[in-house]
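**Q** Okay, so TrEMBL annotates it like this:
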type: DOMAIN; residues: 61-313; note: domain 'G-protein coupled receptors family 1 profile'
type: TRANSMEM; residues: 43-68; note: transmembrane segment
type: TRANSMEM; residues: 80-98; note: transmembrane segment
type: TRANSMEM; residues: 118-140; note: transmembrane segment
type: TRANSMEM; residues: 152-177; note: transmembrane segment
type: TRANSMEM; residues: 216-236; note: transmembrane segment
type: TRANSMEM; residues: 257-280; note: transmembrane segment
type: TRANSMEM; residues: 292-315; note: transmembrane segment
Amino acid sequence: MAQVRSLQKIMAFLSANNTAAVNNSDTRLAGCFLLGIPGLEDLHIWLSIPFCTMYVAALAGNSILICVILSQPSLHEPMYIFLSMLASTDVLLSTSTMPKALANFWLSSNHISFDGCLTQMFFIHFLFVAESAVLLAMAFDRYVAICSPLRYATILTSTTIGKIVAATLARSFIIMFPSIFLLKRLHYCRVNIIAHTFCEHMGIARLSCSDISINVWYGLAAALLFTGLDIILIAVSYIDILRAVFHLSSQDAQSKALSTCGSHICVILLFYIPALFSIFAYKFWGRHIPRYVHILLANLYVVIPPMLNPIIYGVRTKQILEGAKQLFSYLIKESK
């Protein structure tokens with residue numbers, strides 16, 4: 001019933017904004033329509049409650065984490081600088097999807113311009129690639145700290161960190177920018193209805209009446225060559241790290257190293273496992289799993305890791321916990 005109402009609203013919008021845009025040779029002028037979670041339209045209001053709660057928690061947790069790192073001079077070290085980058089990416093990634101999804105759930109605001117859809121798509125994929133690169137940088141930081149501790153200060157200088165940040169942003173931009181042109185070159189001749197809460201590359205490509213083989217291969221190559229390479233390098237780094245840790249003579253040193261690496265591994269698993277599961281589930285079991293399950297997983301993926309990352313580091317990293325206590329103590333004193 002709710003799906004019928006959504007389609008009626010779409011048709012009313014098209015009528016009010018000149019149906020000629022749809023009958024024309026190019027339907028990009030009419031924009032795109034995000035259906036939300038097809039099959040669960042009657043539950044949109046109820047689903048919005050946990051999603052909104054997780055989004056607010058992600059914003060609050062990551063903002064606090066960034067403030068703690070910036071305000072505490074003792075945390076101005078490579079490990080924590082990379083962590084602040086991860087928190088910033090998490091905030092941006094969840095913000096690129098959740099506000100529009102919540103507007104759809106609450107207000108049935110499902111229309112988005114075609115260029116707006118491309119912009120959202122670009123930032124979602126850009127931030128995903130950037131976060132993968134940040135996790136690789138964090139793995140490299142731990143590798144140097146544990147496997148070459150005497151050279152840590154000379155390898156990870158402020159100049160090196162600046163180059164890593166620049167390389168992360170440049171790589172993400174270079175990978176994702178061509179996708180805009182690959183989508184713009186296609187011919188769109190139907191009503192652009194996307195059965196999702198946000199715009200993503202293949203979701204937009206499938207709206208086209210043209211051959212999308214290049215888009216399919218480009219998306220696959222980007223996922224395998226870049227994100228896949230990051231996963232392999234991270235795995236190799238942590239294998240070497242664990243070897244080095246178990247060769248340490250001091251039990252205290254082993255425990256400290258394992259605790260720090262444990263936090264990183266938890267964050268890495270939270271980031272990659274849902275993404276890989278979603279990709280492989282869609283590829284191999286797509287016909288057996290309802291579409292709303294895939295869309296729910298995609299939405300959970302952009303809020304659960306950002307929500308849990310600050311908790312993992314806050315609980316498992318003593319320096320951040322102490323920094324947070326000092327920051328709140330200072331704020332309480334200033335407010336009196």
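Cβ atoms are placed via backbone N, Cα and C, with glycine included.
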**Q** Tally Cβ pairs under 8 Å between the transmembrane segment (292-315) and each listed stretch (118-140, 216-236, 257-280), then give the stretch with the top tally.
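**A** Highest pair count goes to 257-280.
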**Q** Take the transmembrane segment (257-280) and find every residue of the same chain, 6 or more past its ends, with a Cβ under 8 Å from one of its Cβ atoms.
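**A** Sequence-remote neighbours of the transmembrane segment (257-280) are 79, 86, 128, 131-132, 135, 138-139, 142, 146, 223, 231, 234, 238, 241-242, 245, 248, 294, 297-298, 300-301, 304-305, 308-309, 312-313, 316-317.
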**Q** Is the transmembrane segment (152-177) packed against any residues at least 6 beyond its ends, judged by a Cβ distance under 8 Å, and which are they?
**A** 78, 81-82, 85, 122, 125-127, 129-130, 133-134, 137, 141, 144-145, 222, 226
**Q** Any residues 6+ beyond the ends of the transmembrane segment (80-98) with a Cβ under 8 Å from its own?
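**A** The answer is 51-52, 55, 58-59, 62-63, 65-66, 69-70, 120, 123-124, 127-128, 130-131, 134-135, 137-138, 141, 161, 165, 168, 197-198, 267, 299, 302-303, 305-306, 309-310, 313, 319-320.
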**Q** Taking a Cβ cut-off under 8 Å, which residues six or more beyond the ends of the transmembrane segment (216-236) line up next to it in the same chain?
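**A** Distant contacts of the transmembrane segment (216-236): 128-129, 132-133, 135-136, 139, 171, 175-176, 178-179, 182, 201-202, 205, 268, 272, 279.
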**Q** Please work out the mean pLDDT for the residues of the domain 'G-protein coupled receptors family 1 profile' (61-313).
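**A** Averaged over the domain 'G-protein coupled receptors family 1 profile' (61-313), per-residue pLDDT gives 86.
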